[in-house]
Amino acid sequence: MIEQQKRKGPELPLVPVKRQRHELLLGAGSGPGAGQQQATPGALLQAGPPRCSSLQAPIMLLSGHEGEVYCCKFHPNGSTLASAGFDRLILLWNVYGDCGNYATLKGYSGAVMELHYNTDGSMLFSASTDKTVAVWDSETGERVKRLKGHTSFVNSCYPARRGPQLVCTGSDDGTVKLWDIRKKAAIQTFQNTYQVLAVTFNDTSDQIISGGIDNDIKVWDLRQNKLTYTMRGHADSVTGLSLSSEGSYLLSNAMDNTVRVWDVRPFAPKERCVKIFQGNVHNFEKNLLRCSWSPDGSKIAAGSADRSVCVWDTTSRRILYKLPGHAGSINEVAFHPDEPIIISASSDKRLYMGEIQ
């Protein structure tokens, strides 16, 4: 027994080394069971948790903006993404490979505050401080429409998920507007008392939901042309709104340093706030920090002024990730439509794309 133990002793530290070298050979395509042992040779190069996405590396840095980056969104097909900000440019990037910036959309005379792809990804909508909303062909990069009518900064825009291509906008002029991109002027306008910082549609696109500096979230009925109900609870300006993919719940981010989930189904109880999340912060910069849902609704993410990316578990309300790396406020975090990947846009002029388990 003693001799056996002695014999085993020095072998133990050598085993992993041998196995690693063997797998490298298999990864290169030699050996009988090459395909079984190793799917991707690249997975051996990283010394960390196993890879869970098709990104070239677990974290990719996207640099090219010349000013603060306010917004970022993945294309619905997941192969490209768009980002925009203070430099008045919209940059289009490849998600896979070297993440090259393959196109730049120009034409704004003010910062780009928010952007969204429509459901099929054929169009990109963007809102700007030059008081306009632009509609771009996401394939060619051409601007196909410019919507004018607001008298101050347009802080937010959101395209309808289904039906005719409608888009809603919210502005510092205190109005929420509804546009049909086939028409020149807004087809409906709702007058709010204070600046509107964030807007979205409900799932059926017959209501617009808005948030602003009066701390309230308002739901406007497009058929009856009036305010339907108001959701109160935030103690400071609401800077971001996002509807869950199945359309039942609304996520809001506000300067009171809370992120909330609201039940926006018809006939929901009067107290619609169902969850409160804490962990992200706003600061004196008063940037419009946005928020987003993962495609399956199991996670939420929000921008934060403490230079970290916050991702929560929706059910337990636990912070799953507080990711460092940026040198400025994180203004938006977006989830990839298919893979466990997030992208963050920051005031440090950079974007980080990384995989999360």
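In case you wondered, yes, glycine gets a Cβ from its N, Cα and C as well.
Here Swiss-Prot flags Lys18 (among others) as SUMO2 cross-link, drawing on similarity to another entry.
The SUMO2 cross-link feature in Swiss-Prot is assigned to Lys270 (among others). Long-range Cβ proximity for Lys270 (SUMO2 cross-link), meaning a same-chain Cβ under 8 A and a gap of 6 or more residues, is found for none.
Sequence annotations record features per position, and here Swiss-Prot assigns asymmetric dimethylarginine to Arg21 based on similarity to another entry.
When DSSP labels each residue, the repeat 'WD 1' (64-103) comes out as 0 helix, 20 strand, 20 coil, counted as helix, strand and coil in that order. The repeat 'WD 1' feature in Swiss-Prot is assigned to 64-103.
Residues or ranges marked as repeat 'WD 2' by Swiss-Prot: 107-146. Note on the repeat 'WD 2' (107-146): residues 67, 70-71, 73, 75-77, 82, 84-90, 92, 152-162, 165, 167, 169, 171, 179, 181, 288, 290 of its chain, located 6 or more positions outside it, place their CB under 8 angstroms from a CB of the stretch.
Listed by sequence, the residues of this chain that lie at least six past the ends of the repeat 'WD 3' (149-189) yet keep a Cβ under 8 A from its Cβ atoms are 110, 113-119, 123, 125-129, 131-133, 135, 195-201, 203-205, 208, 210, 212, 220, 222, 225, 241, 247, 288. Annotation comment: Swiss-Prot describes 149-189 as repeat 'WD 3'.
Residues or ranges marked as repeat 'WD 4' by Swiss-Prot: 191-230. Proximity of distant same-chain residues to the repeat 'WD 4' (191-230), defined by a Cβ-Cβ separation under 8 Å and at least 6 residues beyond the stretch ends, is recorded for 152, 155-163, 166, 168-176, 178, 236-243, 246-248, 250, 252, 254, 256, 262, 264, 288, 290.
Same-chain residues lying 6+ beyond the ends of the repeat 'WD 5' (233-272) with a Cβ under 8 Å from its Cβ atoms: 156, 161, 197-204, 209-213, 215-217, 219, 278, 280-282, 286-293, 295-297, 300, 302-303, 312, 314, 332. Annotation comment: Swiss-Prot describes 233-272 as repeat 'WD 5'.
Among the features that Swiss-Prot reports, repeat 'WD 6' is placed at 283-322. Averaged across the repeat 'WD 6' (283-322), the predicted model reaches a pLDDT of 94.
Sorting each residue of the repeat 'WD 7' (325-357) by its DSSP state yields 0 helix, 18 strand, 15 coil. What Swiss-Prot records for 325-357 is repeat 'WD 7'.
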Contacting positions for the repeat 'WD 1' (64-103) when only residues 6+ beyond its ends and CB under 8 Å are counted: 54-56, 109-117, 119-121, 124, 126, 128, 136, 138, 141, 287-288, 290, 328-329, 331-332, 334-339, 341, 343-351, 353
The repeat 'WD 5' (233-272) - residue tally per DSSP class, helix then strand then coil: 0 helix, 18 strand, 22 coil
